[in-house]
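The ATP binding site annotation in Swiss-Prot covers HIS17, ASP177, ALA178, LYS179, ARG244, PHE245, ASP253, ARG259, LYS260, ALA276, LYS280, and the record cites sequence analysis as its basis. For ASP19, the entry in Swiss-Prot reads Mg(2+) binding site. Residues annotated as K(+) binding site in Swiss-Prot: GLU45. Taken from Swiss-Prot, the feature L-methionine binding site covers GLU58, GLN101, ASP253, LYS284. Per Swiss-Prot, the feature region 'Flexible loop' maps to 101-111.
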Amino acid sequence: MAKNRHLFTSESVSDGHPDKIADQISDAILDAIISKDPDARVACETTVTTGLVLVAGEITTSVYVDIPKIVRDTIKEIGYTRAKYGFDAETCAVLTAIDEQSPDIAQGVDEALESRSGSEIDAAIEAIGAGDQGLMFGFATDETEELMPLPIFLAHGLARKLTELRKTKKLDYLRPDAKTQVTVEYDELNQPVRIDTIVVSTQHHPDITQEEIAKDLHTYLFPEVIDPSFLDEDTKYFINPTGRFVIGGPLGDAGLTGRKIIVDTYGGYARHGGGAFSGKDPTKVDRSGAYAARYVAKNIVAAGLAKKVEVQLAYAIGVARPVSISIDTYGTSDYSEQELIDGVNALFDLRPAGIIHMLDLRRPIYRQTAAFGHFGRSDLDLPWERTDKAEALKKLIVK
């Protein structure tokens, strides 16, 4: 590797990974509830293990949804439909342990501090306080069209294409569990120049050889996802490096909601506030705040105000307005942090109800985000991925 160059690695997982099964179940339940009761409060956690699904959490709603059916339908859609996989949609046990949201939390979310103290006149927006304290990060970079870091973008692309090859039966020996990882080499200007390493671990039928798997992935997977200009004779490939991946899914590892937060975001390329997304309604700023921060960051880069930017938002429970906003452009902007913050404050309403309204979050859009990442999804129409405020933001800041 040339002097002053460096490597960066990100990973993704398939929809059949145990933690992602849990995320998808939690978000499928959220979607089912919010489609009937947009104002429902949902904090739904899922655990999966061999032959068992446990759904727990706090849900406050006036509607009924058939949680066991949602669980089984989600597992079936993912592809766990045979008992010999060690996890089967029809035969697994489904246990539920659901309570209502704590009234101590609810009073701060139902009526924000600003509303309770009479300090704000914008009653409709100020009425909702943040569902918890916490910090969230949003990020964007111009190194891909989707304004995402290249390592996580390619890792997701490999995981998504691998799942497609399985579900369309193009490679009918594949089973649902899989992981991908991509190492990108950056030059001294921090621009991606080549792929150093690709790792794919995919569950498979016991009778297929590793040589056959490797040949098929080089034929049907890598050319469909990776720009060949990034590949060279020194690019390393590790395909099922243990030599066998037959036991997978919840039979191989227990899965939990919220345990793939780096996969869900930027692959470690940007910082993370620690809060998970799946199973949470949009009053939870862990989710809506992170979506808003990505929306802000993406519009800053799309406006040409920076080449790379990280936005931090922070909230106090029961308080509507963010307690802080931070913007770091890594020296890629001609404008000061305060100029950017002033423009963002003028154009983006970052109070919880403002975010919910701005991004139209009280609708069933979450299940589709629970695998292959919440950001940079050109295959989905996600409101926080739009750049519809870029021109207005540019006009506010560029004098």
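Positions of Cβ are set from backbone N, Cα and C atoms, glycine also.
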(message) I want to check the contact list for LYS280 (ATP binding site): same chain, sequence separation of six or more, C-beta distance under 8 angstroms. What comes out?
(response) LEU30, VAL42, ALA43, CYS44, ASP286, ARG287
(request) Indicate the candidate from HIS17, ARG244, LYS260, LYS284 with the smallest number of other Cβ atoms within 10 Å of its Cβ, considering only these binding-site residues. (result) ARG244
(message) Just to verify: the residue among ASP19, GLU45, ASP253 with the fewest other Cβ atoms within 10 Å, which of the binding-site residues is it?
(response) ASP253
(message) Nearest by CA distance to ASP19 (Mg(2+) binding site): which of the binding-site residues is it, out of GLU45, GLU58, ASP253, LYS284?
(response) ASP253
(message) Out of GLU58, ALA178, which of these binding-site residues shows the lowest number of other CB atoms within 10 Å of its CB?
(response) GLU58
(message) Rounded to a whole angstrom, what is the C-alpha distance between ASP253 (ATP binding site) and GLU58 (L-methionine binding site)?
(response) 25
(request) Give the maximum pairwise CA distance in Å, whole number, for the residues HIS17, ASP177, ALA178, LYS179, ARG244, PHE245, ASP253, ARG259, LYS260, ALA276, LYS280 listed as binding ATP. (result) 36
(message) I need the nearest neighbour of LYS284 (L-methionine binding site) among the binding-site residues HIS17, GLU45, ALA178, ARG244, LYS260, using C-alpha distances.
(response) GLU45
(message) Please report the distance from the Cα of ARG244 (ATP binding site) to the Cα of the residue listed as 'K(+) binding site', rounded to the nearest angstrom.
(response) 31
(request) To the nearest whole angstrom, state the Cα distance for the pair HIS17 (ATP binding site) and the residue listed as 'K(+) binding site'. (result) 16
(message) Please report the distance from the Cα of GLU58 (L-methionine binding site) to the Cα of LYS260 (ATP binding site), rounded to the nearest angstrom.
(response) 21
(request) Would you mind reading off the Cα separation of LYS260 (ATP binding site) from GLU45 (K(+) binding site), to the nearest angstrom? (result) 13
